[in-house]
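Going by Swiss-Prot, these are the annotated features:
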MOD_RES   Ala2  N-acetylalanine
BINDING   Gly91, Asp96, Glu175  Ca(2+) 3 binding site
ACT_SITE  Cys105  active site
BINDING   Gln229, Lys230  Ca(2+) 2 binding site
ACT_SITE  His262  active site
ACT_SITE  Asn286  active site
BINDING   Glu292, Asp299, Glu323  Ca(2+) 4 binding site
REGION    345-514  region 'Domain III'
REGION    515-529  region 'Linker'
REGION    530-700  region 'Domain IV'
BINDING   Ala542, Asp545, Glu547, Glu552  Ca(2+) 5 binding site
DOMAIN    572-597  domain 'EF-hand 1'
BINDING   Asp585, Asp587, Ser589, Lys591, Glu596  Ca(2+) 6 binding site
BINDING   Asp615, Asp617, Ser619, Thr621, Glu626  Ca(2+) 7 binding site
DOMAIN    652-672  domain 'EF-hand 3'
BINDING   Asp658, Asn661  Ca(2+) 1 binding site
Amino acid sequence: MAGIAAKLAKDREAAEGLGSHERAVKYLNQDYAALRDECLEAGALFQDPSFPALPSSLGFKELGPYSSKTRGIEWKRPTEICDNPQFITGGATRTDICQGALGDCWLLAAIASLTLNEEILARVVPLDQSFQENYAGIFHFQFWQYGEWVEVVVDDRLPTKDGELLFVHSAEGSEFWSALLEKAYAKINGCYEALSGGATTEGFEDFTGGIAEWYELRKAPPNLFRIIQKALQKGSLLGCSIDITSAADSEAITFQKLVKGHAYSVTGAEEVESRGSLQKLIRIRNPWGEVEWTGQWNDNCPNWNTVDPEVRETLTRQHEDGEFWMSFNDFLRHYSRLEICNLTPDTLTSDSYKKWKLTKMDGNWRRGSTAGGCRNYPNTFWMNPQYLIKLEEEDEDQEDGESGCTFLVGLIQKHRRRQRKMGEDMHTIGFGIYEVPEELTGQTNIHLSKKFFLTTRARERSDTFINLREVLNRFKLPPGEYIVVPSTFEPNKDGDFCIRVFSEKKADYQVVDDEIEANIDEIDISEDDIDDGFRRLFAQLAGEDAEISAFELQTILRRVLAKRQDIKSDGFSIETCKIMVDMLDSDGSGKLGLKEFYILWTKIQKYQKIYREIDVDRSGTMNSYEMRKALEEAGFKMPCQLHQVIVARFADDDLIIDFDNFVRCLIRLETLFRIFKQLDPENTGMIQLDLISWLSFSVL
């Protein structure tokens with residue numbers, strides 16, 4: 001219940017703009033300005049109680065409290081490390097980012113790329129911070145986290161060993177923005193050790209809010225040059241690098257003056273006519289301008305003399321230091337990897353860019369209800385969340401003569417780094433894309449069934465299921481309606497996720513799910529219509545007062561179920577029996593008369609029949625995945641969110657729902673639907689309750 005209330009509150013806040021860059025969510029409700037002012041007024045330096053200068057903030061295993069790697073560590077403020085500490089001096093440069101004793105080179109590569117764009121850097125690292133003016137030992141940074149911007153506050157106590165920073169540091173040792181940025185990122189992920197191992201694209205996304213894709217250039221798709229051109233037109237950040245094979249290879253310079261393991265940026269892609277044929281050229285920037293390419297199409301290459309002078313002048317006059325052209329074929333031959341971070345429309349302030357259209361959907365997998373696993377598990381795969389995407393407009397320019405709608409799909413699992421301290425790690429995740437059959441187009445209130453997936457192949461799917469934070473692929477499909485089904489590889493893995501779709505043209509989306517529906521059988525009977533046999537049975541069971549209490553009902557039903565071999569049951573709990581009596585006790589006596597007992601008896605017989613039919617393995621019990629079908633047979637259709645609540649409430653640790661809990665669930669549902677209908681005679685779908693009414697119904 002608390003989780004549902006929190007989600008509703010969060011959705012309302014998001015609708016009001018909370019989570020945008022301008023109104024970032026305050027992580028752990030820490031307000032930077034208020035905390036800084038408190039410290040300044042008190043004349044004290046900030047000490048962060050939520051990320052203390054203790055071993056728990058370092059790690060849990062390799063950097064755990066008893067690890068040899070953490071012995072002798074002291075937490076010091078920059079003012080204790082050097083004489084004249086600076087937050088940032090002369091802009092952000094590569095020399096500000098030197099790796100320490102932590103395997104987070106993926107993060108540092110992303111930070112290095114961040115330094116190439118001052119506007120985006122300023123969003124993540126507010127530059128109006130210093131160790132002089134209004135210094136209170138507190139700093140703040142902003143990160144994108146699964147669809148919202150989050151402001152993270154840290155104190156400036158940093159882990160040191162032998163007087164030197166243990167982790168990220170500047171080459172000069174006096175600039176601290178990168179070390180404090182790393183600390184803030186460690187805080188939001190639980191500890192420093194949680195940052196060990198990752199993909200640069202993860203850092204790209206958390207610093208920009210974009211969606212990052214990468215290409216192994218030895219397996220480059222045939223249209224990669226056009227992909228690069230379009231990405232540049234959309235203001236995307238593009239980086240490339242040459243793989244290293246050993247630590248000694250790092251920063252090694254090739255004979256044509258390219259640096260291995262070095263982060264380059266791609267800044268241009270043009271086709272020029274040379275010697276009667278078109279040449280594809282790529283412009284690359286070495287952000288630190290130390291060495292430049294000496295191969296074909298370098299600044300002094302005679303190839304430029306074969307190009308129209310006006311074109312040559314246009315392409316070469318805007319050169320920055322460290323920027324050079326090379327042929328696309330040489331690019332594919334010499335570089336190993338290309339990363340493209342496609343930025344969201346709100347990140348791009350210039351109107352000159354052709355902006356992507358962004359769609360984001362949140363969801364979760366819950367053990368026993370919506371965590372169905374991949375297609376290898378056909379009995380449960382259909383239980384996964386399902387999302388509809390409508391592609392309506394084809395791309396403006398159709399490359400390679402292929403028409404269709406280009407879009408990227410990224411599936412991100414949330415908060416998994418933070419859970420490493422609890423022994424958890426990344427799930428293996430992926431997704432499939434299915435074309436909606438013609439007879440179902442235009443409908444959004446149907447959760448596609450097991451039969452559909454048994455008889456329908458995926459139109460597209462993620463390249464692989466992988467245990468990274470995100471799996472992402474680029475697709476091109478004809479206009480139409482498609483269902484995206486995200487899943488973990490194995491079923492019953494709890495997790496939260498978000499799906500983002502970047503499309504060249506606007507794409508509509510929505511969750512595909514069953515609408516709430518209740519078709520409750522009305523048993524309309526008078527006492528005169530009840531047969532004599534049932535009357536005699538009731539007289540024997542009810543005793544002298546001719547009524548049956550909840551306690552008497554429990555005894556009766558235990559005897560009945562004890563005779564059945566096809567349903568495993570220890571009888572009904574007194575709670576279930578009280579719920580049954582409450583639903584049918586029209587006169588408020590707390591007991592059931594003849595007619596009321598007849599109606600209950602009829603319902604229980606119906607529930608027994610459903611329970612037996614759904615129990616296909618004849619185990620005498622029902623697993624939680626069978627519950628959805630059982631509820632439909634009983635007349636109830638509900639969305640995934642309610643199925644998650646039902647499984648959490650009525651299934652045991654082994655995801656078994658026994659007959660007692662099955663009946664209790666159905667009785668409670670029927671009671672709640674009847675109450676709602678009584679209070680909403682006009683079928684508006686809304687009711688108003690005062691506090692006492694809400695509490696009265698809630699304790700049912």
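Glycine is no exception: its Cβ is also placed from the backbone N, Cα and C atoms.
Sequence features, as recorded in Swiss-Prot, placed on the structure.
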residue	record	Cβ contacts under 8 Å, 6 or more apart
Gly91	Ca(2+) 3 binding site	Thr115, Glu118
Glu175	Ca(2+) 3 binding site	Pro85, Gln86, Phe87, Ile88, Thr89, Asp96
Glu292	Ca(2+) 4 binding site	Lys257, Asn286, Asn298, Asp299, Gly322, Glu323, Phe324
Ala542	Ca(2+) 5 binding site	Ile548, Glu552, Leu594, Phe597
Ser589	Ca(2+) 6 binding site	Glu547
Lys591	Ca(2+) 6 binding site	Asp545, Glu547, Ile548, Ser549, Val581, Asp585
Asp615	Ca(2+) 7 binding site	Asp566, Thr621, Met622, Glu626
Asp617	Ca(2+) 7 binding site	none
Number of helical, extended and coil residues in the domain 'EF-hand 3' (652-672), per DSSP: 14 helix, 2 strand, 5 coil
Inter-residue Cα distance where the pair is Asp587 (Ca(2+) 6 binding site) and Lys230 (Ca(2+) 2 binding site), in Å: 72
Tertiary contacts of the region 'Linker' (515-529) (same chain, 6+ residues out, Cβ under 8 Å): 445, 594-595, 598-599, 602-603, 606, 635-639, 642, 669-670, 673-674
Site of maximum Cβ density within 10 Å, from binding-site residues Asp96, Glu323, Glu552, Asp587: Asp96
Cα-to-Cα gap, Cys105 (active site) vs His262 (active site), nearest whole Å: 11
Check: same-chain CB within 8 A of Ca(2+) 6 site center, minus Asp585, Asp587, Ser589, Lys591, Glu596: Glu547, Val581, Leu584, Ser586, Gly588, Gly590, Leu592, Gly593
Cβ-centroid neighbours of Ca(2+) 5 site Ala542, Asp545, Glu547, Glu552, 8 Å, sequence order: Leu541, Gly543, Glu544, Ala546, Ile548, Ser549, Lys591, Leu592
For the region 'Linker' (515-529), mean pLDDT (0 to 100): 83
DSSP three-state assignment for Glu552 (Ca(2+) 5 binding site): helix
DSSP three-state assignment (helix, strand or coil) for Asn286 (active site): coil
Fewest other C-beta atoms within 10 angstroms, as judged across Asp299, Asp658, which are the binding-site residues: Asp299
Residue among recorded positions Cys105, His262, Asn286, Asp545, Thr621 with least C-beta crowding, 10 angstrom cut-off: Asp545
Helix, strand and coil counts within the domain 'EF-hand 1' (572-597) (DSSP): 15 helix, 2 strand, 9 coil
For the region 'Linker' (515-529), the number of residues DSSP places in helix, strand and coil: 3 helix, 2 strand, 10 coil
Rounded to the nearest Å - Cα separation of Asn661 (Ca(2+) 1 binding site) and Ser619 (Ca(2+) 7 binding site): 16
